[in-house]
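Reading through the structure tokens given below for one structure.
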């Protein structure tokens, strides 16, 4: 482990001091640290920043300071390089960010000593076809969501799986999620929880007008097609709640398992069900 990339969500409070301390400690261990652009600005050296995508190409692993959202963004941008990432938690307990700042130095010592393993997560690829032409294509880790956005009107959608008609319905939208994404928006919309070590896809309608429209778990080899039917107001595609694209009547959105995977560097054995149990307690008790 010679070079570590650094991605910091600078909106998560005053983190510059602990970040600098970790960088200094890594330098003592002869570990080189590269920064993405936002992190370089935070540290007062904007000229040294490179894109997160470039970090993936130049580093052995990437250390992400933030919450699950920051980690999702990094996973999308570095998926093509296959560089493993790990999260330092700056907020509430997350499903993906597993290291707290007080434990970080101990975990980094284990990392440098080679005491880690790589956990791979299935990703999705979404392709937007308009007038027979591909107008956008991107990968996501959690979910691809076709929804009405800020409009008050429902959208009319048609769903096919492997070119087989599943159904048409009026709803606020539809979520196509990975197992990792099953504990995100899909769960709030009534979808089931899928263990992240499985490979599957999940189709979850968002507030459908009919009670007969239920979530469906399908094979990871499946190809999902969402068609935007006439008489829609405003509808858009959103990936991981971060990357968005306005859609038009007649657009076809194709969603399938991506050829790349998110790779998480695990320094400690954290059980998914331990984290799930704590998150469910948190949601039950409400947020402060």
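Yeah, the Cβs are placed from backbone N, Cα and C, and that goes for glycine too.
For the NAD(+) site, Swiss-Prot lists 68, 69, 142, 143, 172, 242; matching the candidates 153, 248 against that entry yields 153. Looking only at other Cβ atoms within 10 Å, the busiest spot among the binding-site residues 142, 242 turns out to be 142.
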